[in-house]
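The feature [4Fe-4S] cluster 1 binding site is assigned by Swiss-Prot to Cys35, Cys40, Cys46, Ser275, with sequence analysis given as support. Residues annotated as [4Fe-4S] cluster 2 binding site in Swiss-Prot: Cys61, Cys65, Cys68. For 46-264, the entry in Swiss-Prot reads domain 'Radical SAM core'.
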Amino acid sequence: MTARKPGWLRVNVPGGARYQQVRDTVKGLALHTVCEEAHCPNVAECWGGGTATVMLMGDVCTRGCRFCNVKTDAHPPPLDPDEPRHLAEAIAELGLDYIVVTSVDRDDLPDGGAGHFADAIRRLKDIPQLLVEVLTPDFRGDAEAVRTVGRARPDVFANNLETVRRLTPVVRDLKAGYDQTLAVLARMKREFPRIVTKSSIMVGLGETEDELLEAMGDLRAAGVEILTLGQYLRPSAWHLPVVEYVKPEKFAAWREAGLGLGFRYVASGPLVRSSYRAAELFLRGELASRPPGP
């Protein structure tokens, strides 16, 4: 039985001049955005503020996670080699100073798309004053693919744990893995310590309080610095049902628990998503204070 959606999950209707500008630019340059593909509830806030989370490598994923609304196919279309250049042109046209770049999983490619991702990062880093956050696939845990992305020097590297250990085989595609995600995050922080690491967990899927706190602790042990916690919202009747709509006060308590574990920043709330822009100002200050290095 699916829980009934409460009033605190209401969102603003998208609109406004800045929202329309971002929408028109995204459409005109044929960009794929998570905001649209995943039906993100924060599209009004982010696009209205001139921020978008864009997707690389097309809009068809080789994995079929049971919480995600992105299209899936074992054999998606080939990569567009001009996509990284087009992406950088679009971001320059939008005039942003912070961009989140994510992608579908591409298990059909030898490097999982790591080289394509790195090309996009380097082009984006050529835009003055632009900070680049990437939310990448796990590349099946391949160390060299992770290094390829790290060498491109994104400012923030994110890979999402998504849920607690017990629920991972139910919630995520079987090609993903709880320990695989932790290993990718740990490798990035170990080999590229100046890159800020980030991860996200959804709640309301049937996890217990102890399981959630354990997952948060596992992320800290992997060196993750930024954590986002948000309510799972069912995209369609074909996806996993919501077991619980968590009250805002519990999110507030988890934020304090996360800070107590040592996370540098925790965004925790019903409508928070992994690419949520609430951490943007914190990250800008954090990155500016870090000394140069690998």
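Just so you know, glycine gets a Cβ as well, placed from its N, Cα and C.
These numbers come from a predicted model, not from an experiment.
Taken as a whole, the domain 'Radical SAM core' (46-264) shows an average pLDDT of 92 in this prediction. Under a cutoff of 8 A between CB atoms, and with a sequence separation of 6+ in the same chain, the neighbours of Cys61 ([4Fe-4S] cluster 2 binding site) are Cys68, Val70, Lys71, Thr72, Asp73, Pro76, Val104, Asp105, Arg106. Report note: the [4Fe-4S] cluster 2 site is defined by Cys61, Cys65, Cys68, and the residues of the same chain whose CB lies within 8 Å of the CB centroid of those residues, excluding them, are Arg63, Gly64, Phe67, Asn69, Val70, Thr72, Val104, Asp105, Asp173.
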